[in-house]
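Below is one structure; the comments refer to it alone.
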Amino acid sequence: MDRSSLLQLIQEQLDPDNTGFIGAETFTGLVHSHELPLDPAKLDMLVALAQSNERGQVCYQELVDLISSKRSSSFKKAIANGQRALPQDGLLDEPGLGVYKRFVRYVAYEILPREVDRHWYFYRHRSCPPPVFMASVTLAQIIVFLCYGARLNKWVLQTYHPEYMKSPLIYHPGHRARAWRFLTYMFMHVGLEQLGFNALLQLMIGVPLEMVHGLLRISLLYLAGVLAGSLTVSITDMRAPVVGGSGGVYALCSAHLANVVMNWAGMRCPYKLLRMVLALVCMSSEVGRAVWLRFSPPLPASGPQPSFMAHLAGAVVGVSMGLTILRSYEERLRDQCGWWVVLLAYGTFLLFAIFWNIFAYDLLGTHVPPPP
């Protein structure tokens, strides 16, 4: 039975007068009789809708949204009311799972704070399409690093090599007119230590986030952090270049950590306090290393070293835009006022940064080191 036939059957049997509402008692009986060919997660959630309505009715449009795999605000309220009928056994008790399904279960408990969301994700997840964005970005960064490392015969502190800074990918204030550099700098890294740190976080945090929230949302968050990083440097550290994907990485990590903190009681990931402390220590250490390289370069350099402000800008994007995305699992972002507020703030920042790059350098008389 296809989706349209299923919806027509529900309307004919439960709402013959086209009132737009279905009696909760009648609908719950139909769900428990297993006459609806739905997966277990959707059955649980439809029962939740039936039990969360004070008038004993279910809005027909809510059924349409759920059967069409669209999470609605009404279901979010049903979760908050705690009046849903979920199985007593969690996913951790699910027997006979293969290796991949165990990994999917692991991702569900790592990323999602509510059991009902974990069930929804576990039963709806499909291996195709795979999380290609974060894997592709990481692979491209590794390939670029290996190419420049072999060419320059230098694997640590590559930015001190004069030929390295001539790359067409690096953001340099003297090349502000080449707009692609505001994004492509994410493929270049200071050295093996920065690449290893970023690649590890992109695979450990970025891939699970992409599996749960999808390519579009996570790529938007990552690229928003990268773009905000280079633009922030062009405003706050006007003489410095930028390399590395730290803006995007810190956007992902900050969003995830903030989501964990705000849903601390519901997160079921093991050793979450210890892992939170380790993550904050590692991220802070990376920022400290970037500050040290910026202001106290260990080797003679022909110009200013890459700025650390991209890390901080990425973290701000993560706590604002990223947290909004992660708290809206399977819900329409366009229906949320907070999303439009975040987009307006980010758009305002972009416009300000564009005008700053066009006019401020000349008006302030900033001396920009000549590009290599």
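For all residues, glycine too, the Cβ spot is worked out from N, Cα and C.
TrEMBL lists 132-151, 182-203, 215-235, 247-266, 273-295, 307-326, 338-359 with the feature transmembrane segment. Under the heading domain 'Peptidase S54 rhomboid', TrEMBL lists 178-327. Look at TrEMBL and you will find Ser246 tagged as active site, nucleophile. Marked as active site by TrEMBL: His311.
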Beyond the flanks of the transmembrane segment (132-151) by at least 6 residues, Cβ under 8 Å: 158, 163-164, 167, 169, 186-189, 192, 195, 198-199, 202-203, 206-207, 209-210, 215, 218-219, 222, 245, 248
Counts by DSSP class (helix H/G/I, strand E/B, coil) across the domain 'Peptidase S54 rhomboid' (178-327): 110 helix, 1 strand, 39 coil
Site with most surrounding Cβ atoms, counting all protein chains shown within 10 Å, from the active-site residues Ser246, His311: Ser246
Pairwise Cα distance for His311 (active site)/the residue listed as 'active site, nucleophile' [Å, integer]: 6
Model confidence over the domain 'Peptidase S54 rhomboid' (178-327) (mean pLDDT, whole number): 92
